[in-house]
Amino acid sequence: MIIVTGGAGMIGSNIVKALNEAGINDILVVDNLKNGKKFKNLVDLDITDYMDRDDFLTQIMAGDDFGPIEAIFHEGACSATTEWDGKYMMLNNYEYSKELLHYCLDREIPFLYASSAATYGETETFVEEREYEGALNVYGYSKQQFDNYVRRLWKDAEEHGEQLSQITGFRYFNVYGPREDHKGSMASVAFHLNNQINAGENPKLFEGSGHFKRDFVYVGDVCKVNLWFLENGVSGIFNCGTGRAESFEEVAKAVVKHHNKGEIQTIPFPDHLKGAYQEFTQADLTKLRAAGCDVEFKTVAEGVAEYLTIQNS
């Protein structure tokens with residue numbers, strides 16, 4: 001069996017879909033369906049069972065046996081970069097992850113987890129090294145702290161001549177694609193611009209969006225990376241992005257091209273994002289490629305075209 005936490009979320013449900021397409025359906029999905037809209041991400045997927053996140057964590061902490069587990073994809077987290085309740089964030093993203101990690105280490109279960117490019121903050125060098133990290137929000141800090149916790153475990157194991165089972169962290173950059181309808185304000189810019197045009201409006205971008213550049217990565221490619229590392233058993237913390245920085249304006253142009261209508265408009269930059277907003281991200285893929293992962297990443301034009309064809313069908 002494979003366990004996918006956050007399996008009703010955007011990335012988690014797409015991983016389940018990718019596993020199904022690979023002929024795997026012995027899957028336990030763990031999530032919190034308090035936001036009931038997320039059920040839509042699961043209705044077309046084949047899984048063995050579903051478990052609430054709190055019940056799952058209780059059983060993990062009790063050391064319960066789930067039977068043979070091939071791997072755990074840990075995608076479950078509070079991913080709202082605008083959430084400033086640090087106690088809540090650290091409990092959900094840090095403590096929960098540590099419990100699950102040690103459960104896997106004790107049983108030699110491969111543990112593949114979601115980190116984030118939010119760990120980098122304002123740097124212009126996006127290399128998986130501590131010196132380039134400095135989160136701008138508590139979400140990024142929670143991910144940064146867990147990455148550092150994993151690094152300490154590796155260092156301790158090395159000093160004692162021990163070999164840990166697989167631990168693989170993925171620093172997701174700006175992920176977009178199908179199954180993000182439930183995310184509200186945290187959904188991708190492509191999602192919001194598409195909705196605006198469908199509502200008969202012009203697509204709206206924040207002032208300065210022609211200069212804001214992010215590494216926008218299509219969720220289907222993210223899943224390919226996850227499955228490659230599952231198959232090859234490589235440990236480490238790796239950037240998961242395209243290696244390209246493209247502007248929000250390029251995303252808007254791709255959405256307009258799909259619809260063949262719409263004129264890009266600008267709106268004031270919101271005060272609550274000032275000082276906590278990454279204006280530039282671009283994954284350095286050196287470490288990913290050195291590991292042997294040869295997944296090719298779609299450009300914004302390619303990814304948005306595929307996404308909106310699915311979204312608007």
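Cβ coordinates come from backbone N, Cα and C, glycine included.
In the three-state DSSP reading, Tyr139 (active site, proton acceptor) counts as helix. The active site, proton acceptor annotation in Swiss-Prot covers Tyr139 (among others).
Around the Cβ of Lys183 (active site, proton acceptor), 17 further Cβ atoms fall within 10 Å across all displayed protein chains. The active site, proton acceptor annotation in Swiss-Prot covers Lys183 (among others) and rests on sequence analysis.
What Swiss-Prot lists as NADP(+) binding site is 10-11, 31-32, Lys38, Arg53, 75-79, Asn92, Lys143, Val175, Lys183. The Cβ of Asp31 (NADP(+) binding site) lies under 8 Å from the Cβ of Thr5, Gly6, Gly7, Ala8, Gly9, Gly12, Lys38, Tyr50, Asp52, Arg53, Gly76, each on the same chain and at least six residues away in sequence. In the three-state DSSP reading, Asp31 (NADP(+) binding site) counts as strand.
Counted within 10 Å of its Cβ, the other Cβ atoms near His192 (substrate binding site) come to 16, all protein chains included. According to Swiss-Prot, the feature substrate binding site maps to Asn174, Ser185, His192, Phe206, Glu207, Gly208, Ser209, Arg214, Tyr277.
Ranking the recorded positions Tyr139, Tyr277 by C-beta neighbours within 10 Å puts Tyr139 at the top.
Cβ-based neighbour count (10 Å, all protein chains) for Met10 (NADP(+) binding site) stands at 27. When the Cα positions of Asn174, Ser185, His192, Phe206, Glu207, Gly208, Ser209, Arg214, Tyr277 are compared pair by pair, the longest gap among these substrate-binding residues is 19 Å.
Of all the recorded positions listed here (Tyr139, Lys183, His192, Glu207), Lys183 has the Cα closest to the Cα of Met10 (NADP(+) binding site).
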